[in-house]
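What TrEMBL annotates here:
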type	residues	note
ACT_SITE	B:C136	active site, glycyl thioester intermediate
BINDING	B:D11, B:N19, B:L20, B:N21, B:R22, B:K35, B:D80, B:N81, B:I82, B:D83, B:A84, B:R85	ATP binding site
BINDING	B:C121, B:C124, B:C390, B:C393	Zn(2+) binding site
DOMAIN	B:2-390	domain 'THIF-type NAD/FAD binding fold'
DOMAIN	B:220-327	domain 'Ubiquitin-activating enzyme SCCH'
DOMAIN	B:402-489	domain 'Ubiquitin/SUMO-activating enzyme ubiquitin-like'
Amino acid sequence: MTDNKYDRQLRLWGADGQKRLSEASILLINAPAAGTETLKNLILPGVGFITVLDDKLVEERDLGTNFFVTKDSIGKSRAEITMELLTELNEDVKGAHIHESPSKYINEKNLEFFKQFTLIIACDLTDAEIDILCDIGDELGLGLIFLRSYGMIGYLRLYKKEHACIQSKHADKELDDLRLAEPFEELEKYALEFEMSSLGSLEHGHTPYVIILIKALHKWKEAHDGKMPSNFEEKDAFKATIKEMARDFSKEANFNEAIENAYKAFSYESVPYEIQQILDNPKADSKEFHSNFWTLVSALKQFIAENGCLPVSGKVPDMTATSDFYITLQKIYQEKAKEDREKIKEIITKQADEKGLMEMLFEDEDIKVFCENARNLEVTRMENYKQELENPNTEDISAEFFDPDSSVQWYVAVRCAEAFRTTNSRYPGETKEQIESDVAEMSALVPDLLKKLGADESFEYNYDHIHEIARYSNSTLHNIGALLGGVGAQEAVKLITEQYTPLNHTYIFDGAHCKSQVFNP
Amino acid sequence: MTGFKQIEVVDMDTIDISNLNRQFLFTREDVGKHKSECAAKAIKRRFPALNIKHYVGNIKDGRFDSDFFKSFDLIYNALDNIDARKHVNRVCISLNRPLIDGGSTGYIGTTVSILKDKTPCYECIPKPTPKQFPVCTIRATPDKMIHCIVWAKYLLNALFGDQGEVNFLEDIREELSEVVKNGDYKALATKVFTKVFDEEIHSQLELRNKKQEYGKSELKEEEIKVIEMLRKKELQPLDSTVFNTNPEEIKYEDKEGNRKDTEIWDISLYVQLFYKSIESILTKYGDKVGHIEFDKDDEILLGFIIACSNLRAYNYNIAKETGFKIKEMAGNIIPAISSTNGIVAGMEVIEGLKILSGQTSKLKAVTFSSKNADRVITSSDITQEINKNCQICSNVKPLYKLTVDEETFKLQDLIEKVLKKDLSISSPTLECGGKIFFETGDDLDEDEIEEYEHKLPKLLKGDLNVGDKYNKIRVDDFLQDFTCDIELHYSKVVNKDENPQGYIFEIVVEGSQKQNPSKEEAKIVPEQDKSEPTYTCVDQNSDDVIIADPADICQKTAVKRKSDELEEIDHQAKRSKITI
């Protein structure tokens, strides 16, 4: 790190995330406020390369909504002006502009062109254009973010057919991997040979709960035909045995911790269901190269076949313990983790040989991160835009129609407005005179849409939303653009860094009530 | 860009390089310049017609008086500490000015609107207590890296910082102050090193043996505790003479001369960094020595902390940490990114427009959190949650009880520690038995200022006779419109070991009715009965949240809109002013 310009974000996504960001190439299609704000939020943290594709000229009205145009740029290429002003923000970022019609590139499905990018951010596209870009995204494995704004309403649609994420970093997930229920040999040996009865009161009260639990479980299993405590009564009885082990339960924090953490042993699965699903994906067995992620998963699968469990993460949470006990315990886990990593590495090399591929280039750090997160791997699959209405996933969204405050009403209005735009080649309500007839035309589309989305027949749609959308037309507010640009950039960073779970897949922001919701019809 | 015509920006800070990852109004050339000035200039370039004014200064300064605050229709807080937030909150509540407070942490952002009698104020909801560590753990029995870092920060203060700060390493300060003044860095570094990383550890080893020799009865209770804690520790003293403290080649730096902060080094390199840091502090900060404060973005001071905390960790057999991680822990660094700030700014403008158009019943506390897929903007209706016992926005006049040691407690302790730190008061006027004995403010003449300055280091009882006849002190802060009474008690039992701050401060509501101690009060009442004293180890001034950058908030101009409702907002917006 030669420069601490990025210090405050490295704390969030680390050197690995920063590297991916600095290698990413982003295409922005059309550059209204939401688009330039998104790019601003990617350029400041140091994305590698940006390209702005837009055939419009800067107009008077851009001045009031888009920070990245100036008065003397009126009449000039919006792609050029915004690209220039944006890249001024960070000397590490390079940029290019293309003053041409995006529709041309999209409609001719120019794969050669789109291939150069890591991620595409597209504003104000028509339904038809989004459909084609989704197809292009599928073919090239690209992430796509579509942004639209209608007055106080912001709309974001994320699409990536399959997104693999190694570091999901869920706060509510267990990041430690203590193997209490199925301790590996070295750990079990250490715990069972750990002599507690001769310890002084200080050490007794500072014996790590890991040791207490492994001892207690071992004893329990011996008395119960090798079975774990399974029902409520048994679990309670098990906890009681821990209490008995303590000399003074009220004062020994470690025994309290043992009881609090007993669930980690009860709920332990050697291979969690979600991970098994990923392993069952044909790509995990494929002889072809798909991506680094699937190469690692394929090695993981073989590791499990050989060892019956996932590699040990090596992470030990903070616990009541003397420094020496803690350090010893930590060493046992870390050494096992290292051993498992070495095995994975061997498998990768072997598999690469078998597949006739050149030796895979993985840094030790990549393998380490993968093994540490092996219990939390995530593969997100998203519906494409066309399917959303042709074959909607009504399971979740139909429930929204029972909630009178749900933003699903805005979702319906947005889809109707875009359907109107497809038919009429213009936004509804572009002039005051048009509003009434446009509202009528859009309203006629509502019942059919509701039916498709699985809305209950008793549901009464509030047509004020249709009216508002027509009134907003395609007007843009800077603050809504800023907000949408913030959300868009956050999601872009998640896709690029493959850290944190991206939203799946439609996001509606309702500025009038300052609230937002995610839908995935 | 929303159409505000008059904006004023207040900020005391200068631009740091680490701001550039989220501040789009600043460039690399602006590093070191004043934030408010650069932000105003950048905005002016884009909006020449805008009337924008900037101030370099602390919002708590006397010049930002009630007339100043009254001239705004809307005030935005983009602050990074609780103290200043409380101050602006009090001023805005007393003047009935709408305030919007925002902040962000990583992917999470939040904005809260504050309007007297319509919403809760900033102090209606108690703020979480900073994390505390027992003094004993920091001073004698550390077992985690954070304990070593906290200790290192105290060592920095004891050697080079202000004397007024509470510091349990007072003995080191006294013993070494002469050596520090001499400016011989080699002598100083060797002295400090030998004392803290070698002799002290040896004496702990001895203490441990002593117990085996004498048994419990001859030792003090505190010593026994320390011995108990130390018994299982592997103590490793460090002898500076075995290290090469003046190497030809600095191995902890890369070819470009940057410290390798992402790596863990051999112990000898931390010794070298320690010597180098002391040299740099004395040679580069010569005149500032005696007033140095830790700043996480100051590479030299950070180097000192990295070296000291790792050396201490070695002493106590605690795993070493990288400089990168130590910076995060020592500076309480909260991740900050451009996108979240953009979201916060967008939300803040929406809330501001609601206030200006009179839609106050629609105000929300809005939180944006999007780390994971399912969590997005949630807003809660805050209008119903006003705390009727709030000392700021309700009519409760609080009464406090202060117990101090008459032999040591000075007027400056009362002002700096109790009033400014514990009560977040910025310009106090003190009255006892109808007589004013201390004032602050811009309207004082020079004689008065001198007289009060002179009083500061005096003992409250012995020199100033405060509390002889009347034991109630009336405290007024006219700027904050804050008044309270403090009942003063003198006692000799205020033991420094148990109350490191040197006093006991409790709240009693008017009519001596005990209030349920909230979390916040727990913070300002030092523990009394517990055998192990606790110590507030997190700086009051450290960043509790990094705030949406002022730059993000002030970009607003006229917008073409269709809605009549919005046009009305526009009209309102034109005559409003903003401060940050």
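All positions are counted from 1 along the displayed chain.
A Cβ is built for glycine as well, from the same backbone N, Cα and C atoms used for every other residue.
Caution: TrEMBL annotation is automatic and unverified by curators.
Location within the structure of each feature annotated in TrEMBL.
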residue	record	DSSP class
B:D11	ATP binding site	strand
B:R22	ATP binding site	coil
B:D80	ATP binding site	coil
B:C121	Zn(2+) binding site	coil
B:C136	active site, glycyl thioester intermediate	helix
B:C390	Zn(2+) binding site	coil
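Of B:L20, B:R22, B:I82, B:C124, B:C390, B:C393, listed as binding-site residues, those near chain A by the criterion of a Cβ under 8 Å from one of its Cβ atoms are B:L20, B:R22.
Counted with DSSP, the domain 'Ubiquitin-activating enzyme SCCH' (B:220-327) comes out as 56 helix, 2 strand, 50 coil.
Counting Cβ atoms from all protein chains shown, the residue listed as 'active site, glycyl thioester intermediate' has 20 others lying within 10 Å of its own Cβ. Note on the domain 'THIF-type NAD/FAD binding fold' (B:2-390): mean pLDDT across this stretch is 84.
Taking H, G and I as helix, E and B as strand and the rest as coil, DSSP gives the domain 'Ubiquitin/SUMO-activating enzyme ubiquitin-like' (B:402-489) the counts 22 helix, 28 strand, 38 coil. With respect to B:C390 (Zn(2+) binding site), the closest of these recorded positions in Cα terms is B:D11, chosen from B:D11, B:L20, B:C136. Checking each of the binding-site residues B:D11, B:R22, B:D80 against B:C124 (Zn(2+) binding site) by C-alpha distance, the shortest gap belongs to B:D80. Neighbour density around each Cβ, counted as other Cβ atoms within 10 Å, peaks among the binding-site residues B:I82, B:C121, B:C124 at B:C121.
Listed binding-site residues: B:L20, B:C390, B:C393. The one with the lowest count of other Cβ atoms within 10 Å of its Cβ is B:C390. Taking every pair among B:D11, B:N19, B:L20, B:N21, B:R22, B:K35, B:D80, B:N81, B:I82, B:D83, B:A84, B:R85, the residues listed as contacting ATP, the largest Cα to Cα separation comes to 26 Å.
The Zn(2+) site is defined by B:C121, B:C124, B:C390, B:C393, and by the 8 Å test on Cβ atoms against their centroid, the other residues of the chain that qualify are B:I93, B:P120, B:Y122, B:E123, B:I386, B:N387, B:Q391, B:I392, B:S394. The Cβ of B:A84 (ATP binding site) lies under 8 Å from the Cβ of B:N58, B:I59, B:K60, each on the same chain and at least six residues away in sequence.
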